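**Q** Okay, here's the structure, questions in a sec.
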Amino acid sequence: MLRVQQAKQIKGTVRVPGDKSISHRAVMFGALAEGTTTIEGFLPGADCLSTISCFRRMGIEIEQQGDAVTVQGKGWYGLQEPSQHLDVGNSGTTIRLMAGIMATQPFHVVMEGDESIAKRPMRRVIGPLRQMGAKIDGRKDGEYTPLSIRGGKLQGIAYQSPVASAQVKSAIMLAGLQAKGVTSVTEPHLSRDHTERMLQAFGVQVVRDGLTVSVEGGQKLKGRAISVPGDISSAAFLIAAVMVVPGSSLLIENVGINPSRTGIIDVVKAMGGSLELLNERIVNEEPVADLLVTHSELHGIEIAGDIIPRLIDEIPVIAVMATQAKGQTVIRDAEELKVKETDRIATVVSQLSKFGAKVTPTDDGMIIGGKTGLTGAIIDSMGDHRIGMAMAIAGLIAEGETKIENDEAIDVSFPGFHDLLVKISQ
C-alpha cells in the first residue's frame, strides 16, 4: 500500500524513467535487425520486460541490466517458433505490435496476457492483418486474447483506420515491411509516431503524407545504438504535482518531447501553467528537452478533438489538476479511455470523488469542477498504473493521509515513483 502525505512544496532536479513506447520498440526492432543493438535509458518496467521475455522465447539473445540492454539481432527471419505461448503480461503495446511481426513469420504462435489484456479489443489490429493474408484467430472471432497466429506471405494494403491508434498503425506497418508491395495506413487524426521515427533510425524508408504513412516491403533493419529519453507520460505526474502544490518548481531533465505526445504541455500552458523547454535537441530521430516547471494559478478549459490522442494517457492526472483550476474543465472525444487498463472514465470519477472532488462522467469524457479542497482517502488503483499515480498526486494536496491500494501496478511504467515523490516533496 502506498501512503501519501500532504506536501508543502515540490522542489528539485530529477529524471524520470525511460519512455515506455520507445523502450518497447527499441527491443523489438533490435531483435528484427541484423547485428547488435545497444539500448541505454531502457524502462525496466513490467510491460517492457514482457517484450524482452517474448523475444527470448523465440531464440533472441538479450542481456538486460537495469536500464542497459544489448540485443543480438538475427534479422527478420531469425526468430524461432516458440515452444510455449508468448505471455505479454499487462502490455497492450507488446501484443498488438507483436501481432504485426508474428503475421510475417513462417510458423505458429499463441499470444496471451493477464486479465486486463483479456478484456482489451484486438480486432482493430487483427482485421487489417487478416486482410493482408495472415491467419489469426482468438476468442469471439479474434476480438479477444488468446490470439493464435500463423503468419506467411502477406500482401500490402492501403488501410483506412477508423481510430487514431499508434498500436494499430504500427502493427500494420511492421507486417507491411515483409509484405509484397506498398502498405499504407491513413488515420482520422495523427497518433504517436515513435514507430516511424525509430524505423528510420534503424535504416528503413518511411513515407509520410498528411495523415497517411507508408512503407515498402522487403526492407531490412540494421542494429544500432539507441538512447531512450525520459517518458513524458511519467513526467506528466510531476508536472501536475508542481501545478497543484503552491510554491513549487522542478527541473525535469532529458524528457522526450515528440509532438505526437506533447498534448500535456499544450494543456498545462492553456490552463495558465508556466512550463519552459530548455536545451532542446534531437536524439535517434526523437526530440528531447529539459522541462522547467513552476507552480501557477490554473483555470479550467475544454479539451477535445485532435489533441486527445496526444494526451490520452495523461487524462487521469489532467483531471487531478482540473480540481485545482478556477472554473470548469470539460474533457470530450475521449471514448478510448474506456478500453485502457481499466475504463478510465469510470475509474477516474469513482476514485477522485473519494477525495471530495466534483467530477461527473459523460459518454466520451468527464466534467471537473474547480477549485475544490480535497480530503485524504483510501484509493484503489484497480491495477491501473496511471490511476494509482494520478491519485497519489491528488494525495499531495489532500488534507490528511491518502492510502493507495494495489499500488504495485505503478511499476509497469514508473519504477521508483514513490521514492522520487518523497525526495521532491517538502
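Using the three backbone atoms N, Cα and C, a Cβ is placed for every residue, glycine included.
Annotations per Swiss-Prot:
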{"type": "BINDING", "residues": "LYS20, GLY92, ARG120, GLN167, ARG344, ARG386", "note": "phosphoenolpyruvate binding site"}
{"type": "BINDING", "residues": "LYS20, SER21, ARG25, SER165, GLN167, ASP313, LYS340", "note": "3-phosphoshikimate binding site"}
{"type": "ACT_SITE", "residues": "ASP313", "note": "active site, proton acceptor"}
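Give me the structural setting of these features: burial, nearby parts and distances.
**A** For ARG120 (phosphoenolpyruvate binding site), the same-chain residues 6+ apart in sequence whose C-beta sits under 8 angstroms from its C-beta are GLY92, TYR144, THR145, VAL339.
All protein chains shown were included, and the count of other CB atoms within 10 Å of the CB of LYS340 (3-phosphoshikimate binding site) stands at 20.
With a cut-off of 8 Å between CB atoms and residues at least 6 apart in sequence, the same chain places SER233, ALA236, LYS340, ARG386 near ASP313 (3-phosphoshikimate binding site), listed in sequence order. Classification of ASP313 (3-phosphoshikimate binding site) by DSSP places it within a helix.
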**Q** How many whole Å apart are the CA atoms of SER21 (3-phosphoshikimate binding site) and GLN167 (phosphoenolpyruvate binding site)?
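**A** That separation, Cα to Cα, works out to 10 Å.
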**Q** C-alpha of ARG25 (3-phosphoshikimate binding site) to C-alpha of GLN167 (phosphoenolpyruvate binding site): distance in Å?
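**A** Roughly 11 Å, rounded to the nearest whole number.
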**Q** How long is the line from the C-alpha of LYS20 (phosphoenolpyruvate binding site) to the C-alpha of SER165 (3-phosphoshikimate binding site), rounded to the nearest angstrom?
**A** 16
**Q** How big is the Cα-to-Cα gap, in Å, between SER165 (3-phosphoshikimate binding site) and ARG344 (phosphoenolpyruvate binding site)?
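**A** Roughly 17 Å, rounded to the nearest whole number.
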**Q** For the binding-site residues listed here (SER21, GLN167), tell me which residue's CB has the most neighbouring CB atoms inside 10 Å.
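**A** Most Cβ neighbours within 10 Å: SER21.
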**Q** Between ARG344, ARG386, which of the binding-site residues has the fewest other CB atoms within 10 angstroms in the structure shown?
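**A** Looking at the binding-site residues ARG344, ARG386, the Cβ with the fewest others within 10 Å is that of ARG344.
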